[in-house]
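Here is the structure we will look at, set down as C-alpha cells.
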Amino acid sequence: MIARLIQRVFGKKSAAAKKSRLQKIPLAQHGLSRERVLPCALKVTDTLQQGGFAAFLVGGAVRDLLLGKAPKDFDVATNATPEQVRALFRRSRIIGRRFRLVHVMCGADTIEVSTFRSNGLVTEDDDDRATDATGRIVRDNVFGSQEDDAERRDFTVNALYYDPTSQEIWDYRGGVADIERKTLRMIGDAATRYREDPVRMLRAARFAAKLEFRIDEATRAPVAELAGLLENVPPSRLFDEMLKLLLSGHALRGVHQLRAEGLHHGMLPLLDTILEQPEGERFITAALHNTDLRVQAGKPVSPAFLFATLLWHELQSDYKARVAAGGKPAPALFEAMDAVLDRQRERLAVPRRLDGMMKEIWSLQARFEQRSGSRPYRLLPHPRFRAGYDFLLLRAQSGEVAQELADWWTIFQDASEETRAAMLLPETQGAPRRRRRHSKKPLVAGAEPAAGT
Ligand code: ATP
Ligand code: MG
C-alpha cells in the first residue's frame, strides 16, 4: 500500500520531470502578437489575471494562430475554479457535468474557460495537488497544475499556452518545434494514450488532414493494431468526431487519411466498398470536395446531406437486393432506408433528427427522372428540392446519372413559363397518363444495372 503510494507520488513526479521541460518562448521568437487574439478572449484573460489568477489562451487557437490560420474558437485555461471564473464575469455560466467549464459571453462571442486539470490519474491523497490547491474532484475530473494540464492534452501542438500580457508561449512539450516541423506528435506513450481514449486516433487523422502535418512514426504506428478499440467508443461520440472531420474544410483528405490508417472500419464499414468502385469513388470525392469548398467559403453544410451522400451507395445495394428478392420498389426503398440507418446507428450514431431529411433527399431522386406532365412543377416547391437537386448534381458528376438530366433541372428551375413548357418531355407510354399505383421502374436509378453507364 505504502509502496504503491510512494511509487505513485514519486514515480509520477520523476516521469513528469523527465518528460516536460518548460520553455517560455518570447514574442520575438514566435511572432504571435496580442492583436491577433479575439478581443473577447483578451478580455477574459485580462480579467482573470487582474483577479490574481493565471490565464492563458490554449489549444487549437494558439496552434492555428502560429500556423497563420483563423482559429475556430478561442479557449482559455486558468488556475481559477469554475466558481471563481463565474464570479468574475456577469455574462457567464457553468456548463458540463463531468468536466465543468465556464462559458463567458461578450457580444456574440463565447469563450470557453477551463480549469487546469490532470489526466485523472492524480488521486486525492496525491500531495502533488497541495501546491495547486484549486484541485478538487468532480466525478473523475481532477484539477491539476498547469503542467498536468499540458500532459493530459493529446498532441504537442495542442498543448501550447499563450499569455496575451507577456506575449509569451509556454511550451512544455516542444509543440512550437513540432509546428515548425509540421509534425503531429502524441504526448507520452502513444499506445497508452490511445487506450485511454481511442478517439485520439481519429483526432490524429483529422489534424493531419486539416493542418497538412505528417504523423510522427511513433504516434502513427500503434494505430494499425489499436484501431479496433473504436468499437468501444459510444456511437454518439464517434458521430461528433466524424462530423468535426467532415466539417473541417478538409473532409476529402480526412476521409482518405482515415482509410489509410484503417480507422474507418468501425464507423463507416462500407467506405472500402464504395471507394473501390470507380463510380462510388467519384461520388464520394465529388461530395466531399463540394463540402470542403462550401466550408472554406463560409457557407453552411448540412450534416444530413453529408451522411445521405456517405450512405447512398449502401442504400442502393440494400435496395437492389430487396427488389431482386421480389420486393415492390416503393416499399423496398423505404425498408432499405430504415435498414441502412439502423445498421449505421450501431457503429456511428447518425442522430435520428437527421433521418427525415436524409430520407427525403434519397426518395426525391426518383422524382427527378420524371420530366413530363405536371410532375416537374410539383417537385419545384418541395421543401427539400434544393438539397435533392444538389444531390442529383453529385450523382451526375460521378456518372451515375446523365449530366443531361442534371442540366435539365438546372435550367428548368429558373426558366420562364414558356421555356418550361417547351422543356417538358412527351409522355412516354400511352396517353392519357393516370397515376400508376405500382411502378415497375426502379425508384433509384442506380438500381438499374445499366443506368448511367
Ligand atoms: P479545433 O480547431 O478542431 O477545434 P482543437 O485543438 O481546439 O481543434 P478541440 O477538440 O476543440 O480541438 O479540443 C481543445 C483542446 O483540448 C485540444 O487542443 C487538446 O489540447 C484538448 N483535447 C481535446 N480532446 C482531447 C482528447 N480526446 N484527449 C486529449 N486532449 C484533448
Ligand atoms: Mg477547439
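Note that Cβ sites are derived from N, Cα and C of the backbone, with glycine treated the same way.
Unlike curated entries, TrEMBL annotations are predicted automatically.
Here is what TrEMBL records for this protein:
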DOMAIN    55-185  domain 'Poly A polymerase head'
ACT_SITE  Asp73  active site
ACT_SITE  Asp75  active site
ACT_SITE  Asp154  active site
DOMAIN    213-273  domain 'tRNA nucleotidyltransferase/poly(A) polymerase RNA and SrmB- binding'
DOMAIN    326-440  domain 'Polymerase A arginine-rich C-terminal'
REGION    426-453  region 'Disordered'
COMPBIAS  432-441  compositional bias 'Basic residues'
Mind telling me which of the active-site residues Asp73, Asp75, Asp154 has the densest Cβ neighbourhood, counting other Cβ atoms within 10 Å?
Asp154
Nearest-integer angstrom distance between the alpha carbons (Cα) of Asp73 (active site) and Asp154 (active site):
18
Express the distance between the Cα positions of Asp154 (active site) and Asp75 (active site) as a whole number of Å.
15
